[in-house]
Number of protein chains: 2
Amino acid sequence: MSTIDSMSINALRVLSADAVQKANSGHPGLPLGAAAMAYELWAKHMNHNPKNPKWPNRDRFILSGGHGSALLYSLLHLFGYGDLSVEDLSQFRQLDSLTPGHPEYGHTVGVEATTGPLGAGMAMAVGMAMAEAHLAAKFNKDNFPVVDHYTYVLGGDGCMMEGISSEAFSLAGTLALNKLIVLYDSNKISIEGDTDIAFTEDVRMRFEAYGFQTLVVEDGNNPEEIGAAIEAAKADKTKPSLIVVKTKIGFGCPAKEGKASAHGEPLGAENITALKENLGWPSMEPFYVPEEVYANYRAIAEQNAKVEEAWNAMFKKYCETYPEMKELWEKQHNLDIAKDLINNEDFWAYEDKADATRNLSGMVINRIKDLVPGFIGGSADLAPSTKTYMKNEGDFSRENYEGRNLHFGVRELAMAGIGNGLALHGGLRPYVSTFFVFSDYVKPMARLSSLMGVPVTYVLTHDSIGVGEDGPTHEPIEQLAMLRAMPNFTVFRPADATETIAGWYYAITTKTTPTALVLTRQNLSQLTGSSKDALKGGYVIEDSMKEVPDAIILASGSEVELSIQAKAELFKEGIDVRVVSMPSLELFDAQPKEYKERVLPNSVRARVAVEAAIDYGWGKYVGLDGAYVTMKSFGASAPANQLFKKFGFTVENVVATVKSVL
Amino acid sequence: MSTIDSMSINALRVLSADAVQKANSGHPGLPLGAAAMAYELWAKHMNHNPKNPKWPNRDRFILSGGHGSALLYSLLHLFGYGDLSVEDLSQFRQLDSLTPGHPEYGHTVGVEATTGPLGAGMAMAVGMAMAEAHLAAKFNKDNFPVVDHYTYVLGGDGCMMEGISSEAFSLAGTLALNKLIVLYDSNKISIEGDTDIAFTEDVRMRFEAYGFQTLVVEDGNNPEEIGAAIEAAKADKTKPSLIVVKTKIGFGCPAKEGKASAHGEPLGAENITALKENLGWPSMEPFYVPEEVYANYRAIAEQNAKVEEAWNAMFKKYCETYPEMKELWEKQHNLDIAKDLINNEDFWAYEDKADATRNLSGMVINRIKDLVPGFIGGSADLAPSTKTYMKNEGDFSRENYEGRNLHFGVRELAMAGIGNGLALHGGLRPYVSTFFVFSDYVKPMARLSSLMGVPVTYVLTHDSIGVGEDGPTHEPIEQLAMLRAMPNFTVFRPADATETIAGWYYAITTKTTPTALVLTRQNLSQLTGSSKDALKGGYVIEDSMKEVPDAIILASGSEVELSIQAKAELFKEGIDVRVVSMPSLELFDAQPKEYKERVLPNSVRARVAVEAAIDYGWGKYVGLDGAYVTMKSFGASAPANQLFKKFGFTVENVVATVKSVL
């Protein structure tokens with residue numbers, strides 16, 4: 001390799017090692033081992049323009065092994081992304097710096113996804129590749145490949161061990177996502193030691209089984225070999241590619257190379273010196289990079305800017321030639337329908353008959369698909385049950401990337417990761433779906449949705465013991481608490497059609513918050529008191545005649561109707577209560593204090609929460625003087641109406657519980 | 001095949017179809033398709049004694065595709081397990097019946113594990129096979145193979161798609177668990193249709209990559225072919241085996257065979273008739289089974305009882321020959337150390353110096369290993385960080401099954417499933433470990449621990465923003481709420497050494513509840529007020545001088561010390577508060593009302609919860625008049641002490657918050 005390439009690679013190593021050392025915290029092992037492949041990819045193969053990190057047709061790069069963030073920051077600095085400075089690198093892992101411990105989307109320019117939980121980046125990359133395939137199928141015209149980019153993802157042994165990557169790559173193979181290129185940093189070292197203690201599988205054969213092209217780079221420090229593999233990966237037009245790159249963790253640092261100790265702690269001052277000497281680095285000064293190295297990176301960046309210029313020219317002509325496509329493009333990339341939709345009577349219409357909120361959600365999905373062209377989604381093999389199928393929109397498959405209905409297979413976790421990838425790519429508004437109880441599987445990736453602030457919608461049906469015969473393994477009890485407790489995540493559990501539509505309205509118009517719609521399997525009546533006030537998260541759905549009610553019943557979803565029935569019964573006995581529907585605790589909490597006081601006056605301490613879930617979390621609204629009609633245990637297997645009775649969700653019990661707090 | 005075999009297989013089909021039909025709910029597809037393999041296995045190959053379902057050396061069978069429960073119940077009925085009657089089958093999926101929608105461990109005799117969430121059974125089977133390998137290595141002597149059984153698991157395409165099975169089987173291959181035999185009911189149908197829409201991978205090649213022997217049965221209705229494959233699987237002494245059994249979902253029912261509609265709904269009365277006609281069944285009467293079929297099953301069961309008798313004779317001689325092994329066996333299978341341990345001073349000893357609770361936990365683990373011989377466990381590639389390594393106990397590997405330290409690799413979900421399998425097997429007391437934030441990944445299997453009531457211990461370290469530089473992806477915020485909300489699951493977040501030991505005391509002595517120990521990365525001081533009262537979940541750790549305190553501060557873990565410091569500061573200002581340490585909300589909730597009133601007098605409404613986690617769930621104790629010093633968002637990347645300050649965990653802020661509620 002040329003001297004300048006060699007020095008440019010070593011610059012990544014040195015900067016990364018210095019950043020970790022200065023922070024006295026971090027992971028030097030991956031940056032040292034993977035520097036050559038990162039440089040080769042970013043410098044010689046990837047289409048990207050540091051001066052416009054949001055160029056829609058850029059190649060995507062995800063560092064799935066997010067602990068190697070120092071490598072990514074070093075790349076971003078050297079290529080001139082967001083003017084990330086040496087000072088920023090020296091503030092690695094410090095409070096409010098641009099260089100946090102793991103890459104954070106929306107925080108550091110050029111970071112395509114928040115990574116750190118291993119394997120997550122793999123699933124997000126599959127989502128991005130699916131987005132590319134879909135948008136290409138939809139938008140490209142002869143001679144106008146306006147969507148035409150690769151998705152690269154780099155991860156190590158840990159990423160390969162995590163189940164999410166198996167799920168995601170099995171689907172990627174099925175879908176023949178040939179523009180997905182996986183760089184496997186294979187160093188055979190994990191935190192507990194040699195990977196042989198837990199991971200002797202033949203990863204390459206596994207990927208062959210998924211339907212990948214597989215390639216091996218024997219020397220992970222040989223850029224030519226890496227480059228040839230990347231070109232071979234690009235050349236395969238029918239399969240995604242895995243490139244096994246054999247590397248040495250901590251490469252270049254004599255005392256650490258090939259050892260588990262290289263992974264997650266600073267090298268130490270002496271080893272930094274030894275590293276620099278060993279690499280022939282011209283200076284021992286921390287964060288020193290020779291000017292010719294900067295010049296090399298700058299030159300590449302400038303060259304890359306021209307690639308975007310050419311695309312811009314093509315896209316301009318495309319927009320002139322296909323004005324209807326230009327309009328569609330705009331709609332998919334910059335849709336703002338909140339104002340229109342709130343007064344769109346067709347959107348808010350429903351039939352006045354009892355129905356399951358999952359069915360009503362299915363109805364709304366089939367309205368949104370016509371209003372939001374970037375709307376795309378599907379289920380983890382449960383669409384007939386979760387009612388998430390968009391009629392006449394086709395199925396996304398290797399034969400039909402234009403289809404809008406996604407089939408994730410029985411892979412909830414990867415589904416959610418892919419949902420994040422679809423959202424991160426741009427141009428799409430994804431939803432994903434499974435049974436509510438399986439939100440347990442979804443949780444790690446839902447957390448990433450929240451952290452990144454990407455508005456993925458989670459359609460979670462079969463929301464309580466209303467599941468019935470399938471029994472406790474399928475009956476969510478604690479899942480409402482699990483999701484409500486998560487920051488920047490909105491849970492919406494509607495009580496009828498109006499509230500279901502409100503939930504979808506919120507989900508499809510919010511810009512920075514993922515939403516879970518928690519829906520029933522069983523039919524619910526339409527409630528006369530329900531309204532768009534549901535968007536406030538909590539509102540008075542049936543009020544008392546008195547100015548100050550005798551008591552307040554708080555309920556959500558299927559328990560609102562029950563509460564209203566109990567109210568009527570109590571009224572007969574001279575007890576005049578207010579019923580507050582609480583479809584979303586998070587949205588209610590975000591209301592002005594005055595509104596909350598109006599709905600739940602502080603002076604009224606006789607409060608009862610009614611929800612077919614664990615009581616955990618309701619204490620904030622119910623207080624020390626209130627009571628609960630909630631689940632105290634897991635559910636059981638029986639017809640749903642018998643279960644509601646068994647677990648106390650009866651008018652009699654709600655009435656008695658209200659009386660107990662008067 | 002013989003007529004009686006054929007009829008015995010069809011009996012499984014007919015009973016299953018009738019049960020689903022009677023319930024008007026359930027899954028006939030799997031039972032019809034997999035009846036032949038189930039019969040062949042249970043009748044001709046499996047060592048089991050229906051009259052003693054807890055025989056320690058029985059072969060284990062797990063129905064990972066738990067929706068096919070009707071098949072399992074039909075087997076249990078015909079073999080005479082627990083006298084499961086035709087009446088029980090006819091009560092399939094009804095309230096309080098012995099035949100719930102999915103198999104439930106501890107509820108129906110002969111059910112080895114609760115299944116339903118797909119893939120879970122696969123991981124539990126790997127855990128059981130690891131238990132067998134470990135116990136065999138430990139207990140077997142020349143001519144006394146007292147632990148010598150197979151673990152069979154049966155699952156379908158869904159189980160294979162779930163990431164947990166990839167994680168578990170990759171580890172099984174690494175560990176060369178040759179007595180694990182996986183029966184893959186390959187019918188190529190999923191709920192959304194042909195598996196080709198989401199799952200075209202070569203499953204057999206994938207398992208070859210893991211290091212399995214793989215076998216294929218072309219005709220899943222041919223018992224001879226199935227039997228030959230099972231024998232070939234048993235014959236391989238170096239590898240676990242996958243048997244791909246090609247089946248037809250809904251076999252025998254002309255209108256449903258091979259269709260997605262066979263999966264999860266009753267066949268319908270007409271199709272039941274058609275099924276019985278097609279199979280040449282002698283009667284249309286529901287649940288009818290000819291006497292000769294019963295006789296066949298009975299004869300097999302009696303034959304099987306003799307296998308146990310032979311084992312019993314051998315075991316008796318073993319105990320006579322090796323009295324020390326007998327004692328060890330007793331200790332591993334029926335240990336009851338609660339009473340001894342509570343007064344064991346060595347167990348409760350600690351050094352009076354600041355230390356991280358993860359370190360203190362590591363100290364306790366290394367005490368328990370000598371007290372509890374069945375104690376076994378490990379981490380998802382984080383043992384050096386979670387401090388879960390047992391010194392001088394060796395590493396469990398294909399070369400050394402006697403090792404007690406398990407290396408799960410970066411596979412949190414499978415780890416927890418395997419933990420369940422280890423516990424279910426009997427003879428072992430497992431713990432599993434990862435960073436607390438990754439309890440997100442663990443959750444679906446922790447839920448199964450809770451549902452089944454198996455006392456797996458989850459050692460979850462790095463418990464808050466105390467993680468520091470690794471940043472928000474690694475900082476648990478909502479995980480305490482997530483786990484506390486789960487029924488029959490105990491979360492214990494200790495504040496110092498005494499509380500850490502108490503947490504482990506609880507975890508290792510509880511019989512029916514899984515426990516999470518939530519531990520710090522950073523050092524904590526030893527508190528003078530801490531005591532074994534921590535076992536009550538909440539207790540007064542520093543009291544006010546007044547009989548009725550001015551206010552109560554409730555805190556857990558690292559925030560207890562902060563609260564005590566704030567108390568001292570408040571006292572200087574004439575405000576006399578009580579500090580309540582709450583290591584476990586669940587244990588506190590379970591205390592008598594009087595105790596709870598003594599600790600948290602109802603009259604004291606000035607209450608402040610202090611915990612470096614989301615406030616969700618504390619309202620129950622804090623009420624409408626209290627306040628919180630808690631997290632309101634995700635964390636950040638910086639040294640931990642800076643984060644505690646940034647997010648308000650300072651004496652000043654706790655003092656100010658207490659004042660705000662006075």
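A Cβ is built for glycine as well, from the same backbone N, Cα and C atoms used for every other residue.
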According to TrEMBL, which candidate in B:Asn178, B:Asn187, B:Asn296, B:Asn405 joins B:His67, B:Gly116, B:Pro117, B:Leu118, B:Gly158, B:His263, B:Phe438 at the thiamine diphosphate site: B:Asn187
Per TrEMBL, B:His27, B:His263, B:Ser385, B:His462, B:Asp470, B:His474, B:Arg521 bind substrate; matching candidate in B:Arg58, B:Arg60, B:Arg358, B:Arg429: B:Arg358
Residue in B:Asp148, B:Asp157, B:Asp219 which TrEMBL records at the Mg(2+) site where B:Asn187, B:Ile189 also bind: B:Asp157
Candidates B:Asp157, B:Ser385, B:His462 (binding-site residues) - the one closest to B:His67 (thiamine diphosphate binding site) by CA: B:Asp157
Cβ-Cβ neighbours of B:Gly158 (thiamine diphosphate binding site) (radius 10 Å): 25
Cα-nearest neighbour of B:Asn187 (thiamine diphosphate binding site) within the listed binding-site residues, B:Asp157, B:Ser385, B:His474: B:Asp157
Candidate nearest B:Arg358 (substrate binding site) in space, where candidates are the binding-site residues B:Pro117, B:Gly158, B:Ile189 and distance is Cα-Cα: B:Pro117
Cβ atoms near B:His67 (thiamine diphosphate binding site) (within 10 Å, other residues, all chains): 25
Collapsed DSSP category at B:Asp157 (Mg(2+) binding site): helix
Fewest other Cβ within 10 angstroms of its own Cβ, chosen from the binding-site residues B:Leu118, B:Ile189: B:Ile189
B:Asp157, B:Asn187, B:Ile189 excluded, remaining Cβ within 8 Å of their centroid (Mg(2+)): B:Gly156, B:Asp185, B:Ser186, B:Lys188, B:Ser190, B:Thr195, B:Thr247, B:Ile249
Nearest of the binding-site residues (B:Gly116, B:Pro117, B:Asp157, B:Gly158) to B:His474 (substrate binding site), judged by Cα-Cα distance: B:Pro117
Chain A, Cβ under 8 Å: which of the binding-site residues B:Gly158, B:Arg358, B:Phe438, B:Arg521 qualify: B:Gly158, B:Phe438
